[in-house]
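Chemist: First, the structure itself, so that you have it in front of you.
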Amino acid sequence: MTQFSALALLLIVFVAASFAQSYDDVSAEKRAMRNALVRFGRASGGMRNALVRFGKRSPLDEEDFAPESPLQGKRNGAPQPFVRFGRSGQLDHMHDLLSTLQKLKFANNK
């Protein structure tokens, strides 16, 4: 075998390995989307809702996990249900919490 053919063969092997690796990345992405469809149910809207619920999440930075970060409460929280026209604001949840605490305090004072 000449040096040229050995070099060409080596180049072909490297190119094939790089294509196989990129195919594995796509395969993992497809598997994640398939799992999302199964998790959220095919009858409840199919691929579109799975994409909205599961899809294109941005990677979180280290400062997102700081105690003062607004994302800290969502770090280990359950996934929120899909709402067509938006989600309820944080103020609603705060109001519910405060009213519950006031009721408990009032009940303890009696």
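The chain as shown is numbered from 1 upward.
Cβ from N, Cα, C; glycine included.
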Chemist: According to Swiss-Prot, which residue out of Gln72, Gln90 bears the annotation glutamine amide?
Modeler: Gln72
Chemist: According to Swiss-Prot, phenylalanine amide sits on which of Phe54, Phe65?
Modeler: Phe54
